[in-house]
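Notes to accompany the following structure.
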Amino acid sequence: MDVSDLLTSAGINIAICVVLLSLYSILRKQPGNACVYFTRRLVSEPVRGTGAISCFERFVPSTGWIAKAWQATDEEILAVGGVDAVAFMRIVVFSIRVFIIAAVICLFIVLPVNYYGQDMQHKEIHSESLEVFTIGNVKEDSKWLWVHCLALYLISCSACVLLYFEYKNITKMRLAHITGSPPNPSHFTVLVRGVPWSPDNSYSNSVEQFFSTYYPESYLSHQMVYGSCTVDKLMKDAERMYRMLKSIDPRFLDRSLPYCIPGGAAHPFMVLNLRADSVSSSTSMDRLQPSQRRKECPAAFVFFRTRYAALVAAQVLQSSNPMLWVTELAPEPHDVYWSNLSIPYKQVWLRKITTLIASVVFMFLFLLPVTFVQGLTQLEHLDQLSRRVPFLKGILKQEFIHRVVTGYLPSVILMLFLYAVPPTMMLFSAMEGNISRSQRKRSACIKVLYFTIWNVFFVNVLSGSIIRQLTVFSSFKDAPKQLARAVPTQATFFTTYVLSSGWASLSCEIMQPFPLICNFFRKFILRTKVEPSSCALTFPHHTEIPRLLLFVHIGFTCSIMAPLILPFLLVFFFLAFLVYRNQILNVYVRKYESGGEFWPIVHNSAIFSLLLTQVIALGVFGIKQSPVASGFIIPLILLTLLFNEYCRQRFSPVFKRRPAQILIEMDQQDEQLGRKEEIHNQIRSAYFQNPIISHQVSINSNLPLSRNTSHHQGDEDNLHGLKSLKPFRYSTSSIR
């Protein structure tokens, strides 16, 4: 590939980005698209007038959203998206800072050394092959290889310093989130699984007896986890009916309109008075079949009087059999993944092994499309394709078509195949048995990250036949040399991949094509004028974090090998800074808060990328017959490993466990203020397995516990809640 092919790919992607961003700036001004581009504000803020906008302004592209995203502070991001949103944006900020340093060093020092590394007659810039800008153009035993070694030292040291400060700041934010928020029910709650079955007692009685005996002073109460039954189905049907009635146009809610009850006659549209005795008689548990009653699962939420007692109970081995009475700190109520709590604990390890095997099989099956994509980037494969399909011979001879096929089409095809990866990995993570939604996303994030780095980087670098890809690591001692030969030659593909999968994907992210199509179908095909009540989306950490970390990985490994990629990477990260800030402020809704628990994944991935870059440089210097430069890389690898170990010992434990010192101080403060009894009463009502109607989608972690006022201890409490319902009548004001 030459410079003109790269410029063709860049031109296509720039045009796509400009068109999509201009179209976005127009579509976001249309009132009918508010539920697509301002979802968070519609859900969590009162509807306010935005002022009159002329018809001309509504259909003219503008850059107002860019200014708002740029001017937003970290405090605003924290208030809207929580610690998770701020930690995610720190990935982008870290990438911008480290690659600005790398670009200054590599473009002004390393790139000229690569370009003039051989005694050759250079062509015009647009006709030059991109390989002359890589380290492969430097002749063997060149003294200028010291420049690459020095550049690698500067980039590695800068990255480690920036990583240290980011890790330190996010750790402080996580601790501030624990101490600064109102009493969190998850701090007092332990999830116990593997409750042993007893023929004499129910699971509930067993839990009460166990914790009353061994934790008599700190045990408060518990709540069992139930399997699905008729009651759950009725409650879900009630929520579905509520949403249907809420979406009905108020004009059709006239009391004179008839409605029919199955098996009955037509009645005026009015709600019948519900008497307590009729409700209790029609929904009595005695009339339900045994198979329809709520079945207790061998899992329960156990509430303790203090945070410290819950921490100790969660980390102590409760029984001589590690598979029984398994305890861990409970996730916050809105983060619980209820469907997985009914899975027997003895099946969890088997599920994890099964999903791991399925992920590996899926990873190797993906070699087929990657091999096909790499075939398009190599001229000999295109010649074979032309001979097998004769009518393509004349088409591929056209200069523009040839540039598109070799410079743009491969990365686009690979990007389309990769769209199927996150949903698949999310399914695998759900099958693993994760107990919280954030844990499921974190597990999917790790799987997607491993998948993309393997298939997008390693398989493309070691391109060729599948046999070669599987046998290239048959001798691990030759792996650095294999990578050293392959990375500079594949740098052109990674550059075009940054353009297509980077720039264009960010434009698609801000456009929100799927919600936009659904909104168009709902309004113009179904003719529904009322906005949907449940259209809020949470931030897709499992797709966006691996995408950012993949580009960080590509940037580190190609920085001194092919510095020409760095300007395109910087454009991607600057655009990502604006796009993701806009999405956090306007689109995505925070339903739960993990306190930035995914940041260790980011740190470990960055360290792995740095180490791989150093290993590749070690192989390159060995191939180029520069033993002194190779010798200086070894201390750099050791220093990077020592830095990672220090961060692992200093910061990582805070993301795995809660500090006892902080929890004890919070318990003492609650006792001094005299609010322990109030907190205990609120804890009992925090975890509600099947809410009848979900009135609020957005959950603010700073809200007090009193917002969670529903209490659930079994079917008797459900019936008691039904008895307490007062007669009501539908009105247009209530529907609105």
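Glycine residues also receive a Cβ, built from the backbone N, Cα and C atoms like all the rest.
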Where TrEMBL places transmembrane segment among the ranges 78-96, 629-647: 629-647
Spatial neighbours of the transmembrane segment (98-117) far in sequence, C-beta under 8 Å, 6+ residues away: 132-135, 137-139, 142, 144, 147-148, 151, 154-155, 158-159, 162, 555, 559-560, 563-564, 566-567, 569-570, 573
Tally of DSSP helical, extended and coil residues in the domain 'CSC1/OSCA1-like cytosolic' (284-340): 21 helix, 14 strand, 22 coil
Best-contacting stretch, by C-beta pairs under 8 Å, relative to the transmembrane segment (144-165) and drawn from 6-27, 353-373, 550-580, 601-623: 601-623
Per-region confidence, the domain 'CSC1/OSCA1-like 7TM region' (351-621) (mean pLDDT, whole number): 80
